[in-house]
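Enquirer: My structure is below; once you've seen it, I'll send some questions.
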Amino acid sequence: MSNDLRHSLPRTETKSTEVGVEGSQDRGEGVRKRVESAPLVDTHVNPLSPGMIKLYGVWCVPLLATFMAGYGVSSMTAINPMPSYQNYFKFRDVGVSTGLIFAMWPIAACSLFWLGPILADRLGRKGGMFISSLVYVVGTCLLAFARGFAMLLAGRFFLGAAVGLMQPAAPPYIVELAPPLNRGLLTGLFNCCWLLGSALATLVSIFSNDIQTDWSWRLPLTLQLIPPIIMASAVLFLPESPRWLFAHGKPDQAKAVLSKYHGNGSYTPLVAKELDQIVVSLETSPKKMFDYSNLANTKGKAYRVMLALLMGAFGQLSGNTLMIFAPSLYKQVGMKSVRQQLIMTLIPTLVGLGSAILGTYCTDRLGRRPMLTFGTFLCALFLAFAMACSAISLNGRATISVQNYNDAAAKGTIAFLILFYAAYSWAYIPLVAVYPPEVLSMEQRSTGMGLMVLTLNLASVLGQLTTPIALQKIGWWTYLPWVCWDLIETVVWYCLAVETKGRTLEELDQIFDAVNPVRSSLVVAGKEQG
């Protein structure tokens, strides 16, 4: 999978934290003690209450952000093997030109990562989503109606820019409007929407492939206009994030929003506590945007940042980039029909969806550290088997495709690629969204998540730019670097990953300040586990 919104649910802090409500600085310590002494489990929100039902409708709009990202990535994957597309632009499904087109998306996200927080702070979360959706419309129009290579690149750049601008707006909006006890569920929904968009793009392309004109590839791209148009039309009618309202001197409006959706129109104890938590959060967040002075000024903070950056890099360098070029992998082992290639691209997406849901369920039961270590090892194992089967089906020839995929080795390649994506989805899709915000402290979260997303996008540039070139030059040997790197990742996670399951903020502070954070995180009641 690609660098996308599904990888970031950061609660992006604003630069206006000093605004708040009058007197909040003076009562900050008292508020903090009151927040710590009253657990949220005593004030549960009924998921079927009138306020929550209204909130489900509100969330449908920002969830389109990750749906759009999944559709945008997979629509390019789906049209890439189509002969009509290749003939129109005069290039193949692999090679330098293809790598540049795919890499333009994360390149744009990297180049404009600094602008998204500014828009989300000055215009609000709604304003950030509105501007991003308009940029997405522009990118889609350029891509769908491209007349040459330059328009194709420009369209991909605008799409990547739109997703990059959306990251500090849509995910925080969802989290900041969610009752505290429902945020884990929403993280899972956010990830699933990416896969749903991906599956729909592939399904549309399966049917449009039968069209005998350029509309075989233009139609899936044109339909990509629907989600951003819906978002741009609806987002300005939504309530603003209560945290953003509070940070910009509008506490009464923040109270009204929380009361309407979390208290069914009443000022309940939960609403009061959430407002207190916003005060504490604003006091501990950086007072200036892009303030890195306290990001890693102690050993414990540096360890936290390291884990967040490792999660961003490994989330894009675990072999998942191969699946963006899955049709080319299938073609290499003899699957010549584009329709069959697209159907077999859809199957891993659906399997990955189920696996990601299972992984979300396992996160709080197995723990983060075992899932990262074991899941990454499974990625290496299945990719190694896929490489072996591919080599056997090709009789050791690297860059020559076989004529059919009916032999056992070719089918084995396809099966192990599906198993690989299931393993990746199980471990990484839930944890890339969950683990970085957990390991980063409150004061690190804004700048740390920004750096994590930048690292993720840089890693995506590397993978998407080099993979199609490697497939053209060295064929099935392309698997080998990913296998070796996944084994290295497995060792790194085993040696460095800190377990955060069931830990309070105070316990995490003790863990990261310990001499050996990994060992300290595994100690429960004086005993080591795992």
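Yeah, the Cβs are placed from backbone N, Cα and C, and that goes for glycine too.
Relevant sequence annotations retrieved from TrEMBL are reproduced here:
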COMPBIAS  1-16  compositional bias 'Basic and acidic residues'
COMPBIAS  24-33  compositional bias 'Basic and acidic residues'
DOMAIN    58-501  domain 'Major facilitator superfamily (MFS) profile'
REGION    1-33  region 'Disordered'
TRANSMEM  55-74  transmembrane segment
TRANSMEM  94-115  transmembrane segment
TRANSMEM  127-146  transmembrane segment
TRANSMEM  152-174  transmembrane segment
TRANSMEM  186-207  transmembrane segment
TRANSMEM  305-330  transmembrane segment
TRANSMEM  342-362  transmembrane segment
TRANSMEM  374-394  transmembrane segment
TRANSMEM  414-435  transmembrane segment
TRANSMEM  447-470  transmembrane segment
TRANSMEM  476-496  transmembrane segment
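Buried or exposed, and what's around them? Tell me for each listed feature.
Expert: For the transmembrane segment (127-146), same-chain residues at least 6 beyond its ends with a Cβ under 8 Å from one of its own Cβ atoms are 61-62, 65, 68, 72, 89, 116, 119-120, 152, 154-163, 165-166, 168-170, 173, 218, 221-222, 224-225, 228-229, 231-232, 235-236.
Counting same-chain residues at least six beyond the ends of the transmembrane segment (186-207), those with a Cβ under 8 angstroms from any Cβ of the stretch are 1, 4-6, 9, 59, 63-64, 66-75, 77-79, 82, 171, 174-175, 178, 217, 219-220, 223-224, 227, 339, 342-343, 345-346, 349-350, 352-353, 356-357, 360, 425, 429-430, 433-434.
Beyond the ends of the transmembrane segment (374-394), by six or more residues, the same chain brings 314, 318-319, 322, 329, 332-334, 359, 400-402, 405, 407, 409-410, 412-413, 416-417, 419-420, 423-424, 426-428, 475-477, 479-480, 482-483, 486-487, 489-490, 493 to within a C-beta distance below 8 angstroms of the stretch.
With a threshold of 8 Å between CB atoms, the same-chain residues lying at least 6 positions outside the transmembrane segment (414-435) that come near it are 1, 6-9, 184, 187-188, 190-191, 195, 307-308, 311-312, 314-315, 318-320, 322-323, 326, 329-330, 333, 335, 344, 347-349, 351-353, 355-356, 358-360, 362-363, 368, 371-372, 374-376, 378-379, 382-383, 385-386, 389, 405, 456, 500.
Away from its own ends, the transmembrane segment (447-470) comes close to residues 2-3, 7-8, 10-12, 93-96, 98-100, 102-103, 105-107, 109-110, 113, 117, 164, 167-168, 286, 290-292, 295, 304-305, 308-309, 311-313, 315-317, 321-322, 324-325, 328, 432, 436-437, 440, 477-478, 481 of its chain (Cβ-Cβ under 8 Å, at least six residues beyond either end).
For the transmembrane segment (476-496), the residues of the chain that approach it from at least six positions outside its boundaries are 306-307, 310, 314, 317-319, 322, 332, 369, 372-373, 376-377, 379-380, 383-384, 386-387, 390-391, 394, 398, 467, 470, 518, judged by C-beta separation under 8 angstroms.
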Enquirer: Please identify the stretch among 152-174, 305-330, 342-362 with the greatest number of Cβ pairs below 8 Å relative to the transmembrane segment (94-115).
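Expert: Ranking 152-174, 305-330, 342-362 by Cβ pairs under 8 Å to the transmembrane segment (94-115) puts 152-174 first.
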